[in-house]
Every structure is written in structure tokens, then in C-alpha cells.
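The structure appears right after this line, and notes come after that.
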């Protein structure tokens with residue numbers, strides 16, 4: 001059935017009321033658990049003094065968030081602002097010395113990026129990154145995709161697997177809190193960018209891209225350490241565009257987004273003083289005493305927080321990139337809006353890279369079962385290497401790979417008689433409701449499969465047991481009911497967007513192409 005199938009307005013109001021009440025109810029349980037256990041011994045390391053005047057302590061369990069918006073906030077902002085100021089000064093001075101600033105701006109970005117990396121990490125790290133660039137550029141000249149993939153993945157494995165990663169890390173002298181993150185982030189993203197460059201060079205019919213093109217691409221500072229990854233074809237086309245004009249109200253929109261990010265940071269700070277959603281899952285003794293609703297709220301809120309973190313961190317970087325007249329990968333889709341595995345990702349840059357070079361390349365139109373299976377296995381194999389092979393990542397990759405394929409199997413099954421015939425006899429509204437039931441169950445498989453990567457396998461197993469087995473039928477059905485309400489509201493938002501994008505009546509869609517709603 002089409003995405004434009006509508007439901008009565010009063011029904012949607014009811015869904016909204018049920019969802020709001022459930023979120024408030026679950027949030028109250030988490031807030032109560034946070035306040036009553038703030039002085040637990042297990043909380044000592046991750047709950048620190050916060051608002052002194054309000055007598056509130058703060059959840060500081062996420063080092064990455066604290067690094068970005070507390071501990072090293074000024075250093076990161078100084079580096080990004082320096083990038084903007086450096087580029088602006090060059091733009092103003094370039095015409096006076098007879099240089100086309102628009103034409104050579106990628107070079108200026110790379111010069112500042114190289115200087116920033118060199119000053120921050122030292123010459124040995126710089127030499128290591130350049131060696132990765134040289135190796136992969138050499139393979140790019142061969143123009144054999146399988147050879148490039150072999151070289152790229154081998155290079156990536158060298159910083160993910162022992163003892164090779166320890167040996168390379170030992171080359172970087174000095175010691176400071178950010179060194180590990182900057183080392184693995186800088187090397188990892190650099191290798192992925194170099195591989196993208198090499199693969200795009202294979203597609204070039206006349207000649208080769210230059211080593212200078214690779215350096216300009218790789219050492220663009222806003223993307224260097226933390227991503228997101230922008231594939232070389234997109235970056236090269238945009239950064240070499242000499243027609244630098246702003247759309248109407250573009251600067252206003254950039255400013256508005258920057259203020260929105262600031263507002264979200266403040267909201268997260270408030271939540272961290274009242275809801276210890278990151279610390280509680282680490283204390284399994286406390287978690288085992290919580291209600292089923294608290295566990296469901298904890299699992300859901302951890303995924304929402306991870307999306308918020310990615311959206312804000314990438315949003316800050318994207319703001320700088322937009323000022324440079326680039327169109328960077330957008331933040332990931334919120335977990336609340338997801339009910340299918342095919343749209344689940346937490347880093348749109350990595351997702352775009354994998355889809356372009358692996359998933360779509362092997363899977364084609366994604367309607368053949370065996371091609372889809374091969375495409376997903378290859379995609380998650382590379383993802384496993386990217387995340388760092390370990391038991392938790394293996395489990396995460398297996399279940400998400402299975403979930404993606406299972407969706408296709410179910411879609412294929414229900415596209416043949418008698419299921420397709422039965423659905424054809426239903427009204428569009430009823431079809432949407434029935435699909436919503438399956439989507440609600442699918443939503444919680446997405447939550448459970450991904451929360452184990454954010455928290456722990458033990459926490460994910462406990463949530464699964466409580467919601468599926470011990471809590472059946474009351475907790476299980478009530479959580480699914482609330483999730484069903486949320487899914488229908490998401491579908492309504494998609495329906496309204498579809499009407500805006502295409503106000504014409506929906507045309508018949510080929511069975512194999514229809515999105516699993």
C-alpha cells in the first residue's frame with residue numbers, strides 16, 4: 001500500500017497522547033532511580049559534581065561528549081575557528097597578490113589542515129598518515145578495484161589489529177588525553193578517504209587525479225579527525241567550484257542551525273543532571289531492580305542520546321563546512337524515526353561510503369535475495385573492521401546483518417499470494433495499521449541489536465529477557481502498543497512529507513521496489 005494512506009485525525013491524536021504519557025511515565029522512573037542512587041559506590045567514577053547551587057550531580061560517563069563540550073571544547077573551537085579565519089584572510093589577500101582565491105581555496109584548506117595536524121600530533125604522525133596516502137595513491141594508479149580494496153582494508157587492519165596498531169601508535173611521541181582518539185580517528189578516516197580517492201580514480205577515463213588532489217581532500221581539517229567522510233567525487237566537485245554564491249537566507253539558516261546546536265547542548269546538559277541514562281546501565285545490580293518500563297526507557301533513551309550526540313558533533317563540523325561552500329553529509333536519522341533496518345545508521349558519512357562502494361555496488365537494486373545477502377555480509381565485514389574486531393562488534397554485526405536480510409525475506413514473502421491478495425482486499429488505512437504492528441516489533445529489534453554496542457551485552461540481554469519473556473504479556477504488549485503509536489506518528493509525518501514532495505495521486509508501484517512500511 002502507498003505511503004500516502006491516511007488515518008483519521010482523532011486516531012492520531014490518541015496515538016500522540018498515549019506516546020507522550022508513556023515517555024513521561026518512563027522518564028519519571030529513570031529520574032527517580034537517578035535521584036535515589038546518586039551516591040552509590042558504582043556511580044563514583046561517572047557521576048561528578050555538577051550544579052552546586054541546585055545540589056545536582058552530573059552524569060559524565062560519556063568521554064566523547066565531555067571532550068567536545070567541556071574538557072577540550074576551547075581547543076576544538078579554536079582549531080575550527082582558525083580554519084575559518086585562515087581561509088577568510090587568504091580570500092581577502094589573494095586578489096592583491098594576483099591569485100584566484102576561489103580556484104585555490106582547496107590548497108589553502110589543505111595547508112592549514114597540514115599545519116594543524118603537524119602541530120597537534122607531531123611529525124611522526126604526519127609521516128605515518130602521508131605513508132598511508134602514498135601507498136594507496138600508488139594502488140590508485142593501477143586502477144584495479146579489487147586491488148585497491150585489498151590495499152585499503154589491509155591498511156585499515158594495520159591500525160585496528162594487534163600488534164600492528166600498537167607499533168604504529170608507539171611512533172607518535174608525546175602524551176595527552178586526546179592522543180588515542182586523534183590517532184585512531186585521524187588514521188582511520190584518512191585511510192577511508194584515500195580508498196575513496198583510489199576508487200574514484202578508477203572511474204576516471206582520462207588520466208589520473210594528482211597526489212595534490214589527494215592531499216587537498218585528505219587534509220581538510222574539519223573532517224580530518226572526527227569525520228564525517230565525504231566521498232572524493234563529491235568533495236572534489238564542490239571544493240573546485242569557483243561560482244561561490246550563497247542562496248537566499250543561507251547565512252541566516254547557518255546561524256539558526258548553530259544556535260539550535262547550542263540549545264541542544266544546553267538541553268543535554270540539563271538532562272545529564274537529572275537522568276543518569278549512561279551510568280545506570282553500567283550497574284547491573286541496580287538495573288536488575290528497575291521496572292520493565294524503566295529498562296525500556298533506558299534502552300530507548302541511550303539510542304536517542306547517541307543520535308543527539310552524532311547530530312550535534314557532526315552538526316558543528318557541518319556548520320564550518322557549509323561556511324566553506326560545501327554540502328557535507330547530513331546528521332543521521334533519529335532512532336525515533338526508524339522502523340526498518342535499511343535506514344538504520346549512526347554515521348551518514350560512513351553509511352554513504354559503504355553504500356556507494358560496497359552495498360549498492362554488489363546488491364544492485366536490492367531485490368535479489370542472494371545478492372542482498374552477499375552485499376550485506378561484505379558491508380558488515382568492512383564495518384566490523386572499521387569499528388575494531390571484538391566479540392561485541394561481531395554480535396552487533398551479525399544481528400544487524402540478519403535484520404537487514406530478514407526484512408527483505410519478509411517483504412518477498414508478503415508480496416506473493418495469498419498475502420498480497422489479502423492485503424489488496426484491505427483498505428489502505430487497515431493495511432497501514434497492520435504494517436505498523438510489524439514495524440513496532442521491528443523497532444525493538446533495532447533497539448536491542450544496537451543498544452548492546454552502546455552499553456553492554458549483559459544490559460541488552462537483561463532488557464530482552466524482561467521485555468520479551470519475564471514481562472509477557474503485560475509489559476511486552478504495553479511497550480509494543482506505545483511503540484505502535486510512535487510508528488504511526490512517524491508514518492504520518494512521512495505521509496505529509498510525501499504529499500508536499502508529490503501532491504499528485506500515487507501511481508502504482510512495482511512490488512519489488514516498494515518500501516517496507
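The backbone N, Cα and C atoms fix where each Cβ goes, glycine too.
The transmembrane segment annotation in TrEMBL covers 12-30 (among others).
The transmembrane segment feature in TrEMBL is assigned to 75-95 (among others). Same-chain residues lying 6+ beyond the ends of the transmembrane segment (75-95) with a Cβ under 8 Å from its Cβ atoms: 68, 101, 104-105, 108-109, 112-113, 116, 120, 178, 221-222, 316-317, 320, 323-324.
As annotated by TrEMBL, transmembrane segment applies to 107-140 (among others).
Summarising the annotation, TrEMBL assigns transmembrane segment to 219-237 (among others).
Look at TrEMBL and you will find 258-278 (among others) tagged as transmembrane segment. Long-range neighbours of the transmembrane segment (258-278) within the same chain, counting only residues 6 or more positions beyond its ends whose Cβ lies under 8 Å from a Cβ of the stretch, are 27, 30-31, 33-35, 38, 43, 46-47, 50-51, 54, 56-62, 65, 69, 298, 301-302, 305, 308, 311-312, 315-316, 319.
Per TrEMBL, the feature transmembrane segment maps to 369-387 (among others). Sequence-distant contacts of the transmembrane segment (369-387) (same chain, at least 6 residues past either end, Cβ-Cβ under 8 Å): 153, 156-157, 160, 188, 192, 350, 354, 358-363, 393-394, 396-398, 400-401, 404-405, 408-409, 412.
TrEMBL lists 436-455 (among others) with the feature transmembrane segment. If you look at the transmembrane segment (436-455), the same-chain residues 6 or more away from its ends with a CB under 8 A from one of its CBs are 281-282, 299-300, 302-303, 306, 335, 338-341, 344, 392-393, 395-396, 399-400, 403, 407, 410, 461, 463-464, 467, 479-480, 483-484, 486-488, 491, 517.
If you look up TrEMBL, you'll see 467-487 (among others) marked as transmembrane segment.
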Apart from its near flanks, which chain residues at least 6 from the ends of the transmembrane segment (12-30) lie with a Cβ under 8 angstroms of it? 275-277, 280, 290-291, 293-294, 296-298, 300-301, 481-482, 485-486, 488-489, 492
Intrachain residues whose Cβ lies under 8 Å of the transmembrane segment (107-140), provided they are six or more past its termini: 79, 82-83, 86-87, 90, 101, 147-148, 151-152, 155, 168, 171-174, 179, 182-183, 186-187, 190-191, 194-195, 197-198, 201-202, 208-209, 211-212, 214-216, 218-221, 224, 239, 324
Chain residues in Cβ proximity to the transmembrane segment (219-237) (below 8 Å; excluding those fewer than six residues from its ends, i.e. six or more beyond): 79-80, 83, 106, 109-110, 112-114, 116-117, 181-182, 185-186, 189-190, 192-193, 196-197, 199-200, 203, 209, 213, 313-314, 317-318, 320-321, 324, 326-329, 347-350, 352-353, 356
